[in-house]
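Q: First the structure, then my questions, so here it is.
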Amino acid sequence: MDKLNLRLKLTRQRAAIPEQKRRENARRIRETLLDQPWVQMAGLVACYWSIGDEPETHGLVFALWKHGATVMLPVLRDDDDLDWAVYDGPDTLAPGRFGIMEPVDTRRGVETIRTAALVIVPALAVDRTSGVRLGRGGGSYDRALARVGPNVPTVALLHDDELIDGVPSEPHDQPVRWAVHPGGLVNLSTATPYR
Ligand SMILES: Nc1nc2c(c(=O)[nH]1)N(C=O)[C@@H](CNc1ccc(C(=O)N[C@@H](CCC(=O)O)C(=O)O)cc1)CN2
Ligand SMILES: Nc1ncnc2c1ncn2[C@@H]1O[C@H](COP(=O)(O)OP(=O)(O)OP(=O)(O)O)[C@@H](O)[C@H]1O
């Protein structure tokens, strides 16, 4: 299936998830991540502020911040590249492009993602073998992830049935090293199959 049709299918699948299941998914994903020593030890975390049907990250961002991590969130630039600004509590966000909440803090520049110890990204789906992720199609995260060093964990958050086979891959696609779904954490750099 091509990227466009796959996006359509996954978007519909997401829209059908009942509210209670969404809340449960967010809780499981948050707890799975917060249980990992490499998450607990990350001083600077790049995350995202979820919108719509995405796995919800508001509780995760708040928990990371409460535990003392510095959490950066993306600020979408006019050229669709991602700038970064620091989250400093629920009252420090304001709507940006597409109405996504962004920190009102100073923009730190597109290169700031290089300094993150942990990078958490949105995805519609991830290929269970290659780690290739399907995004919204703006190429924003392809650009951002290309700046992340080889030893930094990059993690995509997914609902059930979004770790799939056959995500179409193009040369610019940046694979992620981990996926977290309601069933747990999957290491994609060792290509451990999830069952
Ligand atoms: N939560 C979140 N933040 C993110 C992203 C994301 O995918 N999710 N991005 C990932 O790159 C960047 C923003 N890029 C985006 C590009 C398009 C749309 C989008 O859905 N546009 C719809 C209208 C919005 C809606 O769903 O209501 C549209 O164009 O029709 C959203 C974000 C940075 N921040
Ligand atoms: N490094 C880059 N610089 C400029 N444009 C890029 C870069 N990488 C990818 N793009 C462009 O972004 C567009 C979208 O790519 P693609 O469909 O793979 O998005 P995606 O990975 O699903 O989305 P996203 O990265 O925003 O989550 C493509 O047209 C591609 O040419």
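From the backbone N, Cα and C atoms, a Cβ is placed for every residue, glycine too.
So TrEMBL lists these for the protein:
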- LYS3, LEU4, ASN5, LEU6, ARG7, ARG133, LEU134, GLY135, ARG136, GLY137, GLY138, GLY139, SER140, TYR141: ATP binding site (BINDING)
- GLU54: substrate binding site (BINDING)
Q: So which binding-site residues out of LYS3, ARG7, LEU134, GLY138 are up against ligand 1, CB under 6 A?
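A: Close enough to ligand 1 are GLY138.
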Q: How many Å separate the Cα atoms of GLU54 (substrate binding site) and GLY138 (ATP binding site)?
A: 16
Q: Among GLU54, LEU134, ARG136, SER140, the binding-site residues in the record, which have a C-beta under 6 A from ligand 2?
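A: With ligand 2 as the reference and 6 Å as the Cβ limit, the list reads LEU134, ARG136, SER140.
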Q: Name the residues of the same chain, 6+ apart in sequence, whose Cβ is under 8 Å from the Cβ of ARG136 (ATP binding site)?
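A: Looking at Cβ-Cβ distances below 8 Å from ARG136 (ATP binding site), excluding near sequence neighbours, one finds ARG7, PRO122, LEU124.
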Q: Which residue among the binding-site residues ASN5, SER140 has the fewest other Cβ atoms within 10 Å of its Cβ, if you could check?
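A: Result for the binding-site residues ASN5, SER140: minimum number of other Cβ atoms within 10 Å at ASN5.
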Q: So, three-state DSSP: helix, strand or coil for ARG136 (ATP binding site)?
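A: Note: ARG136 (ATP binding site) is coil by DSSP, not helix or strand.
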Q: Return the residues near LYS3 (ATP binding site), defined as same-chain residues 6+ apart in sequence whose C-beta is under 8 angstroms from its C-beta, sorted by sequence, else 'none'.
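A: Within the chain, LYS3 (ATP binding site) has Cβ neighbours under 8 Å at LEU134, GLY137, PRO168.
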Q: Using a 10 Å cut-off on CB atoms, tell me which of the binding-site residues ARG7, GLU54, LEU134, GLY138 is the least crowded.
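A: Across ARG7, GLU54, LEU134, GLY138, these binding-site residues, the one with fewest Cβ atoms within 10 Å is GLY138.
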Q: Per DSSP, to which secondary structure element type does the residue listed as 'substrate binding site' belong, with helix, strand and coil as the options?
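A: In the DSSP reduction, the residue listed as 'substrate binding site' maps to coil.
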